[in-house]
Amino acid sequence: MQYEQAQSMSVVYNLGLATRVPLGEGRTFTVGERTVAVFRTRSGALLATQAECPHQRGPLADGLLGGNVLVCPLHGYKFDIKTGLAVGHACGSLKTYTVELSDREEILLRVEDS
Amino acid sequence: MKKEKLVVIGNGMAGARLVEELLARGGAAHFDIVMFGDEPYGNYNRILLSGVLAGTHDPRDIFINPLSWYQEKGVTLHAGVRVERIDGRQKLVHGAGGITEHYDKLVIATGSSAFVPPLVGLKNESGQYKEGVFVFRTLDDCTAITQHAAKAKKAVVIGGGLLGLEAARGLLELGLEVHVVHLKGHLMELQLDAKGGAILQRTLEGMGLHVHLKKNSRELLGHERVNGLLFDDGSSLACDLVVISAGIRPNVELAREAGIHVERGIVVGDDLRAPNEQDIYALGECAQHRGRVYGLVAPLWEQAQVLAERLSGRNPQALYTGSQVSTKLKVMGIELAVMGAQEVTGEQDEEVTYMDATQGIYKKLIIRDQRLVGAILLGDTSSAPNLLSAFGRGTQVPESRSELLFPSMGEASTPSVLQLPDTAQVCNCNGVSKQNILEAVSKGHRTLKKLCDATRAGTGCGSCKKDVQALLENAVGDNSVEDPSAHYYVPGVPLAKAELVAEIKARGLRSVSAVFEALADGREDVASKTGLASLLKTLWGKDYEDERDARFINDRVHANIQRDATFSVIPRIFGGVTSPAQLRQIADVAERHNVKMVKITGGQRIDLLGIPKEKLPEVWRELGMPSGHGYAKSFRTCKTCVGSEFCRYGLGDSTALGIAIEKRFQGLESPHKMKLATAGCPRNCSEATTKDVGAVAIGGDRWEIYVGGAAGSRVRKGDILCVVDSHEDVLKLMGRFMQYYREHGKYLERTHDFVERVGIDKLRRLLVEDEEKLAARLDADIQAAVDAFVDPWEEAMRPHHPSQFTHTLPMESEASGSVARPVTAEA
Ligand SMILES: Cc1cc2nc3c(=O)[nH]c(=O)nc-3n(C[C@H](O)[C@H](O)[C@H](O)COP(=O)(O)OP(=O)(O)OC[C@H]3O[C@@H](n4cnc5c(N)ncnc54)[C@H](O)[C@@H]3O)c2cc1C
Ligand code: SF4
Ligand code: FES
């Protein structure tokens, strides 16, 4: 379960053109101190989660994405990419980020707190 | 009508089961359901934790309801939130972190915790358990034990009851030296008498366990971390891991502090309500009913049903009158069934025993007035179904006692599940009776999978599945509906392979997304992507419209991902024959890139491990060798023996043949990987008879072709497809078989399963005798696939996408010139 923090800062980062991420795949970005996996679905929507799998730190950007489901490449654990919730296992949920496409087709990533 | 709020404290086996039973009875219409669970997960099957520890179950396989289930069902779950206080007057529940919920009805299902005896030196200076000291109750305990075990050598389990022995089994499987220390005179005294305990001990000692009886542990030695155990008698035992499993204590503090009547457990009546509380109920291991606190799951299933009947209003008068405890267990893999009394209680009781210590078998029956009142079956529980039903229903037992002990001796051999009464329990993990199963069948659940999902039978340890299958077959006879989805090529497109192929060809579908669009209502299914990609590539060859996101990461970057997210690079070494120059080349590359490990593989190749994704193109370029496809669902390699050129036994040139095979079929996509081998004589040094496809020279230029062999998780000797008399014919027949497998194998079906499914006779008729005149077409198609081969490592020169080999992108974007900087900051 996640709880909204009452007071939080949010910062928006521009990660460059969306085409840096191939269609249907994900790539890891370093954003300040943290790493974030950004995905671009075949329909062009952007999604973002924490970069490492809570199971054994598998690189989620290298995973398979289909529908709402993200599959970690190391042991196949599944996550709902929109909510971050674990699907059928106990390794906890993913932190998800709000990410949008700018007018100039750039990736805008919103990060809570500073 | 306004809905009432139902709050459940505890998201364990009882709490979650209650909610399920309630929802099944339309409870969502009456209640908003809120649950608190101290463990930060959904709900899992605690019984299977021993399997997780032993490594036979993956943690994710023991989940009954993942977190997403709660969302779907509209149940609010405060996962990882411990309830700290119940305020019965205000009807409030206060959880950690200030989470408060009001309730109309409250159910306490807090289960129990491990009992930890007051040992000296249990904790370190900061008040924590010493490093290396654990209890065994939750998934987190399990994880912590496994992690510590990886660096430990010698473990002691304090307590020789069921749970202690299960923990011991897990630790043995993890490769530790394991000692069980028990206070009592024999193991598992709650379930077994002294003789039974002694026999069990003997069997366990045979498995490598060390057992110490009548030992009272006094002190844990060591400063920060444990390094030994001291006993009352002054003796001691060195160890670096301790699991305390000395019994359980119901979690009743919450109830006690709220003024609810508590004895050993939370006292409840037949309505499962705390007598002096109007709206508070309890069930599971924290509840005490008619003086008993149960420590097994079967009773709590019954409690959950009764309480759900009452709360849902389906049957507000439903009562729970107690459970007869009979259990079938596996202790360290040894079968055990116990029911009722353990010892005779007077003259009127008759005792029948049988003992075979070398086989580890012990059976004891207690009979009173011709009725079975107790039984212990250890090591052989074949008569358990019979006895359980005689015990459960109180029927008269046959005069011949040996018939009871050894069902096959009498007329009435072990009744199959078909002969058991309807009330008999079939699934002991989930408390499912024969009647439950038959009812579900009549409601239309007519495939094994649907039946199991509907009743939960077979979803615990799985040992009753064959009984469920038998009941299903018997009930529906010839009307049994096969689960159509079992035949789908991939789960997300409802077509078997042949129909799918027909549709793909008819509609000209050349990409994975086109298939989803046309044949799956546009629904993209992640589990279907790689299978479709493989099929489309096989069908269309170079006309395939390649969407890289449908490939598994290995096939996107043509290397095998490792546990630390680096990759392994295996260049092709045809037939395992190399040269000093090639070896030097590999050595230079390995040195230049500080390759973490250089390893000779089982397939006679050289593996360079630990290459970062970014470095792959560079490494390939420097090697100047083609890909060995050590990552793909495709032709992998052909292992060879020395053969006739050098070996004094050799009858055929197995190296030359192996090289020819590998050159021809390298990289050929297939439903699963294909590993091949050639052997120069039947001594079979290259293990060709247990490969997917193999050739063995038998003299006079003749070769036996084997298909469907396996030496992985399953071992199977291949079947001889045919005998041919030239290298050319070996290549031809092998190719024909591979093409047929490519066309008809299910995705991820290895050749050994494929050959068994199709049958070797049919394969011979089709591929060798050419009964259906397929051979020419198969030969032409495999030739076309061979011709279409392109070495994927050429992408070192021409990447498919600028960031194909990029692992981490920096924020800076060169493409647009715009910078990855905070563009806004809002408070
Ligand atoms: C390793 C192992 C093997 C077992 N094998 C078998 C077997 O083979 N056969 C068999 O019949 N039984 C077996 N059992 C016993 C069986 O698991 C229990 O009988 C059953 O889990 C009891 O269910 P419960 O819901 O009452 O308690 P639990 O499953 O323990 O659930 C209680 C839950 O409540 C939570 N909780 C407690 N206090 C609070 C609080 N204040 N606030 C919020 N949440 C709280 C706990 O975290 C826990 O998740 C085994 C048990 C273990 C540990
Ligand atoms: S299989 Fe026969 S030919 Fe090949 S190495 Fe062994 S003994 Fe020699
Ligand atoms: S690391 Fe992600 S599933 Fe194991």
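Glycine residues also receive a Cβ, built from the backbone N, Cα and C atoms like all the rest.
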Per TrEMBL, which one of B:Cys638, B:Cys641 shares the [4Fe-4S] cluster site with B:Cys647, B:Cys681, B:Cys685?
B:Cys641
What range among B:380-407, B:800-827 does TrEMBL describe as region 'Disordered'?
B:800-827
Counting every protein chain present, what is the number of Cβ atoms, excluding its own, within 10 Å of the Cβ of B:Cys681 ([4Fe-4S] cluster binding site)?
19
Using DSSP, how many residues in the domain 'Nitrite/Sulfite reductase ferredoxin-like' (B:562-623) fall into helix, strand and coil?
27 helix, 14 strand, 21 coil
Pick from B:Cys641, B:Cys647, B:Cys685: which of these binding-site residues has the biggest number of other Cβ atoms within 10 Å of its Cβ?
B:Cys641
For [4Fe-4S] cluster, what surrounds B:Cys641, B:Cys647, B:Cys681, B:Cys685 with a Cβ no more than 8 Å from their Cβ centroid?
B:Val642, B:Gly643, B:Tyr649, B:Gly650, B:Ser654, B:Ala679, B:Gly680, B:Arg683, B:Asn684, B:Ser686
For the domain 'BFD-like [2Fe-2S]-binding' (B:426-473), what does DSSP give as the number of helix, strand and coil residues?
26 helix, 4 strand, 18 coil
So, by DSSP, how many helix, strand and coil residues make up the domain 'NADH-rubredoxin oxidoreductase C-terminal' (B:326-391)?
11 helix, 37 strand, 18 coil
